[in-house]
Every structure is written in structure tokens, then in C-alpha cells.
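Participant: The structure is given below, and queries will be raised subsequently.
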């Protein structure tokens, strides 16, 4: 049974919802799944002024904070981040930047990797974010898994990974589940 880590950053809960759907899909695919979040770097007094954050704070905080060194313990890692100006959030970037030692020791080489994102605007740069999130995975020598051609992609997601605009709709969640299941199936074949 493949072990999969779904790791995400979210402030308003949209990326968290996708993370949960990705995890559900991976479980459907027969994997053992952990869902964790990256450390938040925005000061609490700033976050508390965001009504979207206040609504989901307790649920967000219920997820354990991941540590970079634990990535090596999984067969597959699926990274999720909100889109910020066409790239991943600084919190996710900082977390990935802390994987330098794993890179030097080639600890993630051969592991399966995939990505997902959410943003607030239809043209906010989701595909650019997905592509930029894949670059560190390539640098680590990970085996990248995207989404195959599917009718669901006509309305939601991208070949590069799952994506949503605003609160994820049912189509978005279905594509996220497809991604999780596909990663689980590929990881199982490689284990």
C-alpha cells in the first residue's frame, strides 16, 4: 500500500477543500494518506482581520503542521497552494525551500509528485502556479503525475493538476479526487 502525503497551504479554506478531496481520491485508490499543512507565516493579528480565515481557522488548525524532513517517509507527495499573483503562496515556497537537505541527499528522487491550486479570479494564473509548483519536484527527481484527458477537465482543473476558482464546485472536487486516485495508482505500481 502506497503512503501518500497531501500537503497544503490555505487561508480561506478553498485549497483545504481541494486537499481533502485529493486525499479522498488517494484513499479510493487504495493508499494510506496523511493530510498536513505548511507553517503559516502571516502574523495572527493580520489573519484575524480576514473574515474568510476566521470562518475556517479551527478546521485549518486541526491539521498537523508538516516538517520538511518527513517528506522522505512517503511514496508520493501532493502539494497544494493558493495562487498568489500567478505563483504559489510564499508559505508553500518557504516550505519547499527548506527541502534543500533532502535535495542534496536525493531523498525524494523517484517519489511520485503532483500539485493543485485555487485562486479567486478566473484569470488569476492557476496554470502558471501549477507549472511553477512542478519545478521543485523536477529538481528533486520526482516522478510527476498530472491528469489524463477527461471530460471533467473541460470544466475544471488542468492537465498539470487540480484547480479551482473561488470556493471549489463539485466539478473541481471531482477533478481533485481524480488526481488523488491517479497518484495512488501510479505510486502503488512503483512501490
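Heads up, the Cβ atoms here are built off N, Cα and C, so glycines get one too.
As annotated in Swiss-Prot:
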type    : residues              : note
BINDING : 10-15, 83-85, 118-124 : FMN binding site
DOMAIN  : 4-184                 : domain 'Flavodoxin-like'
Participant: Return the single residue from the binding-site residues list (10, 12, 14, 83) that has the minimum number of other CB atoms within 10 Å.
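Facilitator: Looking at the binding-site residues 10, 12, 14, 83, the Cβ with the fewest others within 10 Å is that of 12.
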Participant: What does DSSP say about residue 14 (FMN binding site): helix, strand or coil?
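Facilitator: Where residue 14 (FMN binding site) sits, the three-state DSSP reduction gives helix.
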Participant: Out of 85, 119, 121, 123, which has the highest number of nearby Cβ atoms, where nearby means within 10 Å of its Cβ, if these are the binding-site residues?
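Facilitator: Of 85, 119, 121, 123, the one with the most crowded Cβ is 119.
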Participant: Any idea what the model's mean pLDDT is for the domain 'Flavodoxin-like' (4-184)?
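Facilitator: Across the residues of the domain 'Flavodoxin-like' (4-184) the model's pLDDT averages 95 on the 0 to 100 scale.
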